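Working notes, beginning with the structure itself.
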Amino acid sequence: MHSLCFLPPVFICSFMVAAPIFGYLGDRFNRKVILSCGIFFWSIVTLSSSFISKEYYWLFVLSRGLVGIGESSYSSISPTIIGDLFTNNSRTMMLSIFYLAIPLGSGLGYILGSGAKEAAGDWHWALRVSPLLGITAGALILLFVPEPKRGSADQGGRVKARSSWCCDMKALAKNRSYVCSSLASAAVSFATGAFGMWIPLYLYRAQVVQKTAEVCSKDICSSKDSLIFGAITVVTGLLGVAIGLAATRLCRQRTERADPLVCAVSMLGSAIFICLIFVVAKKSIVGAYVCIFIGETLLFLNWAITADILMFVVIPTRRATAVAFQSFTSHLLGDAGSPYLIGLISDALQQSYATSVLWQFLSLGYALMLCPFVIVLGGMFFLATALFFLDDREKMLGYLVSRATSPLAPLVIEPQSHCI
């Protein structure tokens, strides 16, 4: 395995482990300070890593782990600040704008990093652009972003009571909408992680089968498919979040269960087009790209909506923990292992006819067929979320009202019996 293959799992694992810690801190201390410190931390680590020579590769790997820790801070805390600044359709719109930054930032990162590398003639400069932007963003957050009171935007006003961590975890485990939507989010992560690793190679092998590309025997093969797939992922991420926002606002006029139902329909529709990728790829690469475009757009449609569902069913003083553990679950059951599982299945299938170019293509396709089945399972979890959504939302609103109207609502640690 090439040494660079160790970098993504190190990042994901550190991100995954650190998220619950920042979730705990985000529910109890000043969020914008933690958020800014996290951004400053990963910016400084990223900048420092650009000066590490190849003789100290292990130190570079360690730096990627530290970057994951820094990034987990704002991914766990940022949605909760938005949730306390806005409500209903306004919150959905602001969360959508926030999640638009994922594909937009990825695309700009590739463009700016590539431009810096070519201008300087040194790939290290690709790591010296984003830290400057990160430090600027951290400073702007620290200076201008307000620190809203937890629950200030929700019905019933801000919440003063605070529960213990054990109480938070017990309540989240009993929250059916939260559990089901988290498992559905893991299905999305499973598919995107596997696609990012294997779809470019699958399309390259399809072109070899079609005799429009030569077989590559090198360890690293240059291919335009990775660039095209990356561009499609950026565009579909932007498009999917925007369509999700519009679809949810429209469907809320007809049903109060709009959020999970829109996610369920988009997931099930995505599974259809992703299945079609493996049907048409052998004959038409353009057709495969069209299916990828539609399938990923539908898959990314639920990014912001899933966060909005969490805001509706989890009390404000528990949301950072909820976001953090949803992220932990998504990575643990999703992209932390899916690329390697797909690779193992493909290798096992390929052993029978290891030298066959056609079988190399087909075996990888058969392994990737696991993804649409997982996506369908995710759609089922969103349907289950729709069943429990109204009850869990009412429980959350009832709790807020009871705490706001109670004359005895000091800043205390609630007993286990009050965990909801």
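Even glycines carry a Cβ here, placed using N, Cα and C.
Note on the domain 'Major facilitator superfamily (MFS) profile' (1-396): mean pLDDT across this stretch is 85. The domain 'Major facilitator superfamily (MFS) profile' feature in TrEMBL is assigned to 1-396.
Residues or ranges marked as transmembrane segment by TrEMBL: 6-26 (among others). Beyond its flanks by at least six residues, the transmembrane segment (6-26) meets 34, 38, 61, 64-69, 71-73, 75-77, 80, 165, 320-325, 327-328, 331-332, 335-336 of its own chain at Cβ-Cβ distances under 8 Å.
TrEMBL lists 33-52 (among others) with the feature transmembrane segment. For the transmembrane segment (33-52), the list of distant contacts is 22, 25-26, 59-60, 63-64, 66-67, 69-74, 77-78, 81, 124-128, 130-132, 134-135, 137-139, 141-142: same-chain residues at least six beyond its ends, Cβ to Cβ under 8 Å.
The annotation transmembrane segment is assigned in TrEMBL to 94-113 (among others). Away from its own ends, the transmembrane segment (94-113) comes close to residues 78-79, 82-83, 85-86, 126-127, 129-130, 230-231, 233-238, 241-242, 244-245, 300, 303-304, 307-308, 311 of its chain (Cβ-Cβ under 8 Å, at least six residues beyond either end).
Taken from TrEMBL, the feature transmembrane segment applies to 125-145 (among others).
Summarising the annotation, TrEMBL assigns transmembrane segment to 178-199 (among others).
Within the chain carrying the transmembrane segment (227-248), a Cβ under 8 angstroms from the stretch's Cβ atoms is held by residues 92-93, 96, 99-100, 102-104, 106-107, 110, 195-196, 199-200, 203, 258-259, 262, 266, 289, 292-293, 296-305, 308, all 6 or more beyond its ends. Annotation comment: TrEMBL describes 227-248 (among others) as transmembrane segment.
Among the features that TrEMBL reports, transmembrane segment is placed at 260-281 (among others).
Residues or ranges marked as transmembrane segment in TrEMBL: 287-315 (among others). Outside the transmembrane segment (287-315) by six or more residues, the chain places 79, 83, 91-92, 95-96, 98-99, 102-103, 151, 159, 172, 175, 177-178, 181, 184-185, 188, 191-192, 195, 199, 203, 206, 228-229, 232-233, 235-237, 239-241, 243-245, 247-248, 259-260, 262-263, 266-267, 269-274, 276-277, 280-281, 322-323, 326, 375, 382, 385, 389, 392-393, 395-396, 399-400, 420 with a CB less than 8 A from a CB of the stretch.
Residues annotated as transmembrane segment in TrEMBL: 366-390 (among others).
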